[in-house]
Amino acid sequence: MDGRWQCSCWAWFLLVLAVVAGDTVSTGSTDNSPTSNSLEGGTDATAFWWGEWTKWTACSRSCGGGVTSQERHCLQQRRKSVPGPGNRTCTGTSKRYQLCRVQECPPDGRSFREEQCVSFNSHVYNGRTHQWKPLYPDDYVHISSKPCDLHCTTVDGQRQLMVPARDGTSCKLTDLRGVCVSGKCEPIGCDGVLFSTHTLDKCGICQGDGSSCTHVTGNYRKGNAHLGYSLVTHIPAGARDIQIVERKKSADVLALADEAGYYFFNGNYKVDSPKNFNIAGTVVKYRRPMDVYETGIEYIVAQGPTNQGLNVMVWNQNGKSPSITFEYTLLQPPHESRPQPIYYGFSESAESQGLDGAGLMGFVPHNGSLYGQASSERLGLDNRLFGHPGLDMELGPSQGQETNEVCEQAGGGACEGPPRGKGFRDRNVTGTPLTGDKDDEEVDTHFASQEFFSANAISDQLLGAGSDLKDFTLNETVNSIFAQGAPRSSLAESFFVDYEENEGAGPYLLNGSYLELSSDRVANSSSEAPFPNVSTSLLTSAGNRTHKARTRPKARKQGVSPADMYRWKLSSHEPCSATCTTGVMSAYAMCVRYDGVEVDDSYCDALTRPEPVHEFCAGRECQPRWETSSWSECSRTCGEGYQFRVVRCWKMLSPGFDSSVYSDLCEAAEAVRPEERKTCRNPACGPQWEMSEWSECTAKCGERSVVTRDIRCSEDEKLCDPNTRPVGEKNCTGPPCDRQWTVSDWGPCSGSCGQGRTIRHVYCKTSDGRVVPESQCQMETKPLAIHPCGDKNCPAHWLAQDWERCNTTCGRGVKKRLVLCMELANGKPQTRSGPECGLAKKPPEESTCFERPCFKWYTSPWSECTKTCGVGVRMRDVKCYQGTDIVRGCDPLVKPVGRQACDLQPCPTEPPDDSCQDQPGTNCALAIKVNLCGHWYYSKACCRSCRPPHS
């Protein structure tokens with residue numbers, strides 16, 4: 001009894017142990033494996049557990065980041081179970097992936113998409129091979145909603161194919177880079193891990209908060225620009241997210257050079273083609289319209305970081321004022337304190353002194369306190385503001401008006417944008433001395449010292465350094481800087497310089513009635529409180545003069561000079577041209593009187609009229625929308641058919657880039673999806689004649705024969721008009737007599753005497769080397785394709801050639817072959833008579849053959865052309881018959897075309913349709929470059945750009 005109980009306990013213990021062990025292998029998160037049957041107490045059930053992982057597969061790429069995978073299988077076993085929780089299924093994934101071979105590929109090699117397209121070069125399509133290449137450039141974001149579709153096109157652009165891209169193909173997934181895995185674009189995080197969603201912040205730090213860098217933006221505008229090269233800005237080493245954009249379309253050309261003056265592109269008065277350049281350790285993308293008729297802007301962008309300083313140059317070709325913006329991001333050194341927001345300006349003498357800090361006229365912190373002279377080190381810009389100290393800036397008074405406005409913002413936030421409608425004003429004014437108002441307040445004595453205005457800046461620049469001349473010229477270059485932390489309103493509206501003469505009365509010629517040190521008004525500001533009034537007194541050797549600087553313009557106490565009566569002023573910006581994504585705001589010059597009243601433009605000098613200023617403006621995010629192609633022709637030429645059109649979800653993803661996206665986006669936006677099919681009704685077909693295709697011409701070369709086709713009525717034969725019955729036969733001419741048989745070399749022998757065969761290929765070719773069907777050559781003279789081989793001497797035996805084609809194209813037929821009695825004599829094949837081989841042993845020369853069932857294509861007559869001039873379309877019905885029944889078994893490879901273009905006489909020239917306008921925001925220039933005018937969407941969105949030249 002005790003022994004039986006002890007044995008039973010051990011049995012239960014082992015069973016429970018097995019169940020517990022089964023539970024412990026159930027791990028993982030998600031599962032794509034089969035589920036188990038439910039377990040019932042005390043019944044047979046299936047236990048599941050994972051097997052071992054297989055070895056990692058070979059990497060899908062040799063470089064550039066491929067994919068490798070490994071699998072495991074869910075194992076199962078039937079066994080007795082007890083009530084309670086058990087191992088009901090294998091949980092977790094049965095396949096996992098990881099990146100491999102992530103090192104960069106050689107820059108001069110083919111891309112992975114190119115390799116995949118080239119692999120189709122050996123494939124035969126419609127009887128011939130093609131040279132394939134990717135349809136879109138590698139750096140072009142795919143317009144398809146399926147980024148892991150491989151789009152290839154032939155070199156001549158006549159054919160296209162689309163197949164799933166191989167695993168490891170790079171793809172774009174929102175703001176993450178991705179890689180194709182099993183036809184789906186999977187993300188790669190900034191940590192380099194597949195399926196990771198870690199992203200870079202604006203400073204290029206993985207999972208950073210954007211606080212470790214400074215964002216620098218600026219505008220470059222220069223009036224009365226001289227011809228040749230000028231420096232736009234200097235970009236220090238370590239910069240990332242670089243963007244230089246010419247905002248105003250002109251003949252100017254952007255160029256890029258290093259600090260030593262070596263040009264990477266567009267240097268030495270030569271224009272390079274827009275493309276990607278490997279510069280300073282990063283890829284610099286340079287783009288511009290190829291001619292003046294193209295839309296788009298010229299720009300330079302680079303992801304960075306750069307490993308050396310770069311100088312951005314502009315080649316001015318017509319002397320007009322350029323308008324260029326630049327921006328980049330710099331990492332902040334760990335020990336650097338964040339710079340206080342400052343406003344300051346530069347002054348440069350007629351001798352073109354360098355921008356090394358000695359020419360600083362002063363700066364005003366946001367809290368109103370006054371500091372001494374500062375160098376550009378406070379900005380963390382590598383001790384330089386706009387260029388290398390050794391470069392000739394050419395910023396003298398003769399250069400006219402120039403503004404370099406720079407926004408520097410730490411923390412990765414967006415800058416408020418360039419000043420709106422204001423800037424440095426340079427005008428010539430002849431007037432009388434200005435006197436101060438009683439409300440002018442004197443400031444601290446340090447404000448009158450070099451701590452705010454240096455002696456060079458005021459005495460030398462304004463008064464001529466020791467001269468008591470009463471005529472002087474003020475024509476300064478102002479560089480306004482604004483940084484993060486600036487108050488929402490302008491800190492220093494304008495500094496106006498007035499002059500009081502204490503040594504008797506006398507008029508002064510003031511060439512430039514005021515100088516704006518800062519005219520920046522922060523965009524979208526709700527408050528515009530000016531900087532508190534300040535003034536200062538300066539004593540110079542030019543006499544006992546008092547110079548007051550204040551922030552409010554003072555009313556003139558005497559008459560206004562004619563030269564100062566009227567001036568040009570930029571209007572306020574017009575509304576943004578785009579309601580979503582990025583648009584353009586424009587400001588235009590208007591003529592105003594000295595008191596600010598707008599007058600007719602004829603009062604101002606037309607030669608000094610400023611050009612309009614165009615700036616980008618950001619709108620809200622564009623909503624997805626449904627786009628439809630045009631309706632197709634009716635599927636039938638008579639009776640009831642269907643019309644179809646393509647319906648896709650599109651969204652403006654970025655300025656100039658309108659792309660198809662997943663339909664889920666439009667559905668989530670609750671946009672009503674347009675219908676894709678509708679019924680179309682044509683006049684009733686009625687009885688009509690239908691014809692099969694013409695038979696093959698059997699005439700020999702130089703001879704004539706007849707080809708035939710079957711004619712049938714779509715209904716009862718009596719109902720079709722016999723007068724319109726198509727002809728059922730016509731004459732044909734055999735091929736030219738230049739066809740000749742061509743043979744290849746003999747292949748190896750397959751065996752010994754009596755069994756050995758050697759084979760060669762026999763072709764029928766034209767005089768220019770094209771291979772044509774054998775029926776076009778004389779079959780009586782066709783060389784043998786099979787010879788006996790083996791020993792040097794071999795007795796006579798039967799040798800059969802290859803079977804000829806079946807004598808019918810469908811159903812039951814007969815095929816033939818040539819059977820010869822041959823021997824080998826001294827290694828040479830010779831033909832012998834049949835009895836020497838034994839007629840009873842002769843292989844058959846004919847055999848029954850079967851082709852596909854006798855389905856046959858029939859077509860109706862062609863319809864009228866859809867147009868009376870130009871290029872139209874004509875159609876016909878195509879049906880498959882087996883006897884009198886319409887079936888689906890016909891060979892699709894030989895199906896007759898049911899739609900054909902009809903090219904008639906040219907249409908009369910018509911004036912351009914002014915209503916045909918390109919959709920705003922669509923990059924039509926890019927659509928033309930990549931041959932997308934034939935695409936249904938771009939033909940509509942870019943209808944003006946895609947018009948034929950004669951229209």
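Easy rule for this one: first residue shown is 1, then count along the chain.
Placement of Cβ uses the backbone N, Cα and C atoms for every residue, glycine included.
Annotation source Swiss-Prot lists compositional bias 'Basic residues' at 545-556. Residues or ranges marked as disulfide bond by Swiss-Prot on the basis of sequence analysis: C59-C100, C63-C105, C74-C90. Taken from Swiss-Prot, the feature domain 'TSP type-1 2' covers 564-618, and the record attributes it to sequence analysis. Look at Swiss-Prot and you will find 688-736 tagged as domain 'TSP type-1 4', backed by sequence analysis. Residues or ranges marked as domain 'TSP type-1 5' in Swiss-Prot (evidence: sequence analysis): 737-795. What Swiss-Prot records for 797-851 is domain 'TSP type-1 6'. Annotated domain 'TSP type-1 7' per Swiss-Prot: 853-908, in sequence order, evidence recorded as sequence analysis. Summarising the annotation, Swiss-Prot assigns N-linked glycosylation site to N87, N367, N428, N475, N511, N524, N533, N544, N731, N807. The region 'Disordered' annotation in Swiss-Prot covers 414-440, 534-556.
Swiss-Prot feature annotations superimposed on the structure.
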residue	record	Cβ neighbours (10 Å)
C59	disulfide bond	18
C63	disulfide bond	14
C74	disulfide bond	18
C90	disulfide bond	25
C100	disulfide bond	19
C105	disulfide bond	15
N731	N-linked glycosylation site	10
N807	N-linked glycosylation site	12
Note to self: Using a 10 Å cut-off between Cα atoms, which of these recorded positions sit near C100 (disulfide bond): C63, C74, C90, N731, N807?
What the structure shows: C63
Notebook entry, point to check: Which of the recorded positions C74, C90, N731, N807 has its Cα nearest to the Cα of C63 (disulfide bond)?
Noted result: C74
Next item on the list: Using DSSP, break the domain 'TSP type-1 2' (564-618) down into helix, strand and coil residues and give each count.
Entry: 7 helix, 24 strand, 24 coil
Margin query: Within 10 Å of C74 (disulfide bond) (Cα to Cα), which of the recorded positions C59, C105, N731, N807 do you find?
Written below: none
Checklist line | Counts of helix, strand and coil residues, the domain 'TSP type-1 4' (688-736), according to DSSP | finding: 6 helix, 17 strand, 26 coil
Next item on the list: State the Cα to Cα distance, in Å, between N731 (N-linked glycosylation site) and C90 (disulfide bond), rounded to an integer.
Entry: 73
Next item on the list: For the domain 'TSP type-1 2' (564-618), provide the mean pLDDT of the predicted model.
Entry: 78
